[in-house]
Amino acid sequence: FQVCHSLGGGTGSGMGTLLISKIREEYPDRMMLTFSVFPSPKVSDTVVEPYNATLSVHQLVENADVCMVLDNEALYDICFRTLKLTTPSFGDLNHLISATMSGVTCSLRFPGQLNSDLRKLAVILIPFPRLHFFMVGFAPLTSRGSQQYRSLSVPELTQQMWDSKNMMCAADPRHGRYLTASAMFREKMSTKDLDEQMINVQNKNSSYFVEWIPNNVKSTVCDIPPTGLKMASTFIGNSTSIQEMFRRVSEQFTAMFRRKAFLHWYTGEGMDEMEFTEAESNMNDLVSEYQQYQDATADEEEYYEDEEEEEAQGM
């Protein structure tokens with residue numbers, strides 16, 4: 001199942017997560033993929049965005065298998081900076097999102113590809129079940145009117161794809177480390193070139209990858225490029241820097257919740273303050289988990305394992 005919803009407004013966050021939990025009850029063994037639009041740091045539509053987002057993340061951590069994080073502000077930035085659009089409309093933002101969605105799901109829709117289903121993708125990208133919030137990127141970035149005419153080389157595509165300015169959520173991957181990542185190229189190309197490129201990227205930026213997950217960048221090839229482009233690539237990264245986003249929402253949440261601002265809207269509909277406290281602590285746990293794995297080193301991992309073994313023997 002794929003669900004597209006926003007976490008700022010009432011319908012996307014409330015109805016969206018309710019739908020997800022009902023589907024989860026009904027079809028517990030099916031994969032649940034969400035494309036979630038998080039509230040932006042500067043552009044705010046409603047006052048209670050932090051509440052809605054925190055309550056939604058609380059649900060998404062439990063009920064979604066894979067969550068692609070999108071962000072209106074990051075999309076606006078891409079439109080301004082990269083596409084040089086002066087007044088981007090929602091149509092332009094949707095164009096970027098649809099390109100990414102098409103890239104993420106291309107291995108499901110076209111026959112004979114590696115990573116041919118969501119489950120396989122999830123296995124590759126999720127080292128710990130709670131940490132399933134991914135940043136997505138797309139290259140080459142084009143506006144709706146001008147599909148690019150020059151074709152890019154594989155190294156250029158790769159470079160554009162890993163560029164932090166291309167990420168569709170407001171977190172900078174350079175502030176954290178990648179646990180895992182996946183790159184999907186859409187063109188007839190040799191996998192050997194591709195793997196070389198990926199190894200290159202990893203060697204150059206080795207400090208941005210955790211060393212305790214070897215071979216953590218997977219690449220796949222799909223022969224059929226998207227309409228109007230000769231080649232394209234989609235990037236999905238599980239980076240610890242996404243905690244910036246959760247931390248920001250959490251701070252806004254705490255600032256409002258401490259004063260119990262606007263709470264009556266929720267309690268009037270039959271919600272309990274306890275649910276808010278729970279959602280807040282779940283979000284904070286998520287942030288600290290990301291931080292823990294960002295700081296973890298290979299030696300520490302071995303140390304933990306030794307401790308666990310000793311405990312097991314002690315029992």
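Here the Cβ of each residue, glycine as well, is placed from N, Cα and C on the backbone.
Per Swiss-Prot, the features are as follows:
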BINDING   Ser6, Gly10, Thr11, Gly12, Asn72, Asn94  GTP binding site
COMPBIAS  297-315  compositional bias 'Acidic residues'
REGION    295-315  region 'Disordered'
Checklist entry - Including all protein chains shown, what's the count of other C-beta atoms within 10 A of the C-beta of Ser6 (GTP binding site)? => result 22
Checklist outcome for this item: Smallest number of other CB atoms within 10 Å: among the binding-site residues Thr11, Asn72, Asn94, that is Thr11
Checklist outcome for this item: Min neighbour Cβ count (10 Å) across binding-site residues Gly10, Gly12 flags Gly10
